[in-house]
Amino acid sequence: MRKDERERDTPAMRSPPPPPPPATATAASPPESLRNGYVKSCVSPLRQDPPRSFFFHLCRFCNVEPPAASLRAGARLSLAALAAFVLAALLGAGPERWAAAATGLRTLLSACSLSLSPLFSIACAFFFLTCFLTRAQRGPDRGAGSWWLLALPACCYLGDFAAWQWWSWLRGEPAAAAAGRLCLVLSCVGLLTLAPRVRLRHGVLVLLFAGLVWWVSFSGLGALPPALRPLLSCLVGGAGCLLALGLDHFFHVRGASPPPRSASTADEKVPVIRPRRRSSCVSLGESAAGYYGSGKMFRRPSLPCISREQMILWDWDLKQWCKPHYQNSGGGNGVDLSVLNEARNMVSDLLIDPSLPPQVISSLRSISSLMGAFSGSCRPKINSFTPFPGFYPCSEVEDPVEKGDRKLHKGLSSKPSFPTAQLRRSSGASGLLTSEHHSRWDRSGGKRPYQELSVSSHGCHLNGPFSSNLMTIPKQRSSSVSLTHHAGLRRAGALPSPSLLNSSSHVPVSAGCLTNRSPVGFLDTSDFLTKPSVTLHRSLGSVSSAADFHQYLRNSDSSLCSSCGHQILKYVSTCEPDGTDHHNEKSGEEDSTVFSKERLNIVETQEEETVKEDCRELFLEGDDHLMEEAQQPNIDQEVLLDPMLVEDYDSLIEKMSNWNFQIFELVEKMGEKSGRILSQVMYTLFQDTGLLETFKIPTQEFMNYFRALENGYRDIPYHNRVHATDVLHAVWYLTTRPIPGLQQLHNNHETETKADSDARLSSGQIAYLSSKSCCIPDKSYGCLSSNIPALELMALYVAAAMHDYDHPGRTNAFLVATNAPQAVLYNDRSVLENHHAASAWNLYLSRPEYNFLLNLDHMEFKRFRFLVIEAILATDLKKHFDFLAEFNAKANDVNSNGIEWSSENDRLLVCQVCIKLADINGPAKDRDLHLRWTEGIVNEFYEQGDEEATLGLPISPFMDRSSPQLAKLQESFITHIVGPLCNSYDAAGLLPGQWIEAEEGDDTESDDDDDDDDDDDDDDDEELDSDDEETEDNLNPKPQRRKGRRRIFCQLMHHLTENHKIWKEIIEEEEKCKAEGNKLQVDNASLPQADEIQVIEEADEEEEQMFE
């Protein structure tokens, strides 16, 4: 380091370093302009297409470019002047001259009519030959060696003309004269080809060409005088050559090298901004001395790449907070190798452990390689006990959809992934890595708790004497388009929710330190150096315990990241220290160590309010209407809604509280307003569950979107808005009604619904919902809404409303067979389901007034969108048995621990099975509703069968109108699809129902019914329970025996069983009638013809008597 820099850094060593420079000053200084990821450059503009005219196509055919506009304008003026001159000459002549001219013209035309075609052919031949030879012989001086072609017509014809005039012997014998004249022509042409050094093959071509065109002139121009033939041939041939050379001279031939640009054309380049080249941390374009004194940095191409912006940020932060340690960097002092080797040894010990996940092992190997690279380089010596700060305002959680072959949201394993491991040490003697498994989404539904999404410098700080913090190299992730659109919609709407929810109660604490993992993605660090909206407030301080050092971040405001387009957070430290005591675990060596750590200070209230007001004005600028709506409570906006939503709320919610919701009666009652049934039911359910207040959903935007959504459903027999409303009602019923025997994890519904909506964002709380129209009778009942967070249930309800959006009334197989655009777009996989999800989200992102989720923060919206898409894709019946097998393995397998409500994967699986059951709930309704839904699906099937027959395709099963098989369709559907799904869902204890007292003989009757229906799983369990109870009573006799045991009555299973029984009876009757008809036909076929006729007559007489 230079002397002046050391002198400038001396005051910083005596006092705490100043706060980071403001972003405005940073952006104004010249050196800071190099800290972003882009550079200015210039590129040549794209060449505009030439005009598409007849002349353009002619030039393209001739392999030349058309002339410029100025040349074309000059040519037009010349032709106009020539036409005017000819017209004036004709008008100036008298009638006598006109008659003589007409006679001469007729004579000329009659003479030329026979010779015009040969002359034109000769001209074209010379034109194309000249074009070919000009292109073949083009050199650096373009066209300079091609003008000899103008003498080619003269050699072909003028020599023949001179011989005809001077040598009389050529006029004798025609054959001998023709041969002599041809030899003369070929001799002249051969001498001509020797002058410009023509290639041999080109010379031979010219000789053959000369002989051919001479023969055409000799044989085709018989109508002209002999002396005139060579002259006209030479004239038209010269014209063709001259035209070809002129085109080559004045116009640029395509494919030729462009002429050298003059100095003035350099200014025609367009200025652009392009991204810098991504390279490793040691190849940043600047010398190592500019960053780390005079130390030399060796490039290691095998290491992962760190962006230029990240390296600049790290170095800038070091210069601000670690300046006292730069004083010895000029002397070549680097990192303390003993500390680095100790850290490498610890990593090596961790790698020996075979129980570590593969992700952790790969990350530890990367860290070991990094430390090996650092040990061979000379760097400034950094205090080992000073936290190395890293900034992650735009951290992105891993999306399980993008994990390729990994199966995160399905399956029995829910192990967390470690995209980037950070060196952590325990204070114990073993020194092993302590990793905690966090499986709960803290309200926002992030992949990790928000302690793990906070700044990595507040992570695990080593308590040993050789502690040090190392840089991590996270994997760069691409930004999500959906989140970018969501952030864009927020700018047009109200201000988002001010903070994220952090739940410290769900984060286990290890013995030595809290386990933190680095987030997956880095923000473009130029945002921190150039933008005033991303300001870090820091001060140095010392704390005596590790608990005081642990602070997480809350989002006090939001802005947009310039590198990925996501909504980023402005960090303000407002969290409390963790309650776990860490200093009791310290060893004797650690007691003598004093840590100097960084802490984030709380920003003054006045400054924070000012920044919030500025951001609010930025988001709501130019949209006063949306700003007023966002500031008004939802209750004030009800005046904008349909009155039916408010007036008939009680009666509607009372009807919907029944599983057999008479939705078709509601459609008939609404009449003309039946097109709004989905939005009205959706609004009623959100009011009932309190989701509007919980997530601060603006009512007007909510109604705007769902009215537009229901308008997107087509008027088809089954997959219409009424079906979507029925599925929505089913998922609401299954998640809010009492379930016998379900254990509730959260019972404080009343407190949560009555509390202020901002309280849901405070630490340690997760929002749950409960239905206002339903109460839990006693502790023997539970509810799914008590075990699934409100955000996930809201995603389930929205997915139910979206799940068949823009359904065409055809199956996936039909779209694939007909090569529909959707099938091609989605590669024949879950075509309709992908189309429903994509179209519904595209509708949401299309207009700002549809953004009813504007108060969800970045992580909540990402989680919400993921859940909605997964729920919609789960409705694909092609994947039905995969989901069913996975659900049985999780919930009903003997070796399984059952559903873990703390696992987000298990909760997602339950929601997927729930919406699948709601989507095919028709057979589980009462008989009348079931028949109405059956009529709709059959009519839709018949329409597809008719179209298949029209297209010449094989008609799909059960879709042939000419051979209806309604009973077989429903019986097969219940037996193979609906029945197993309902049985598995019931066996898992998730179906709503009620406890009833079982009477004597119930078991026997239920056993008989189950034998008929092939559904005896429940009663087998009941028999096992009864056997266990009898054994227990025998071993421990009690003074009083209960008279009977309670059973669960489920309305859904009851209707399913009854409908299945009825369809089976119908099938048996049809088969019986069919067998009797076949038997009658066989008997009739065995009788004589007369007897057969007599039987038919008798039957007719009997029928006539019956009708009489």
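Placed from the backbone N, Cα and C atoms, the Cβ positions cover glycine too.
Copied over from Swiss-Prot:
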type: REGION; residues: 1-32; note: region 'Disordered'
type: REGION; residues: 1-32; note: region 'Interaction with RAPGEF3'
type: REGION; residues: 405-448; note: region 'Disordered'
type: REGION; residues: 421-445; note: region 'Interaction with PIK3R6'
type: DOMAIN; residues: 633-1070; note: domain 'PDEase'
type: ACT_SITE; residues: His719; note: active site, proton donor
type: BINDING; residues: His719, Asp804, Asp919, Gln970; note: AMP binding site
type: REGION; residues: 999-1042; note: region 'Disordered'
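Structural mapping of features recorded in Swiss-Prot.
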| residue | record | CB count, 10 Å |
| --- | --- | --- |
| His719 | active site, proton donor | 23 |
| Asp804 | AMP binding site | 26 |
| Asp919 | AMP binding site | 20 |
| Gln970 | AMP binding site | 26 |
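Considering only the binding-site residues Asp804, Asp919, Gln970, the residue whose Cα is spatially closest to the Cα of His719 (active site, proton donor) is Asp804. Each residue in the region 'Interaction with RAPGEF3' (1-32) has a pLDDT score, and their mean in this model is 45. Of the residues the record lists as binding AMP, namely His719, Asp804, Asp919, Gln970, the two whose Cα atoms sit farthest apart are 21 Å from each other.
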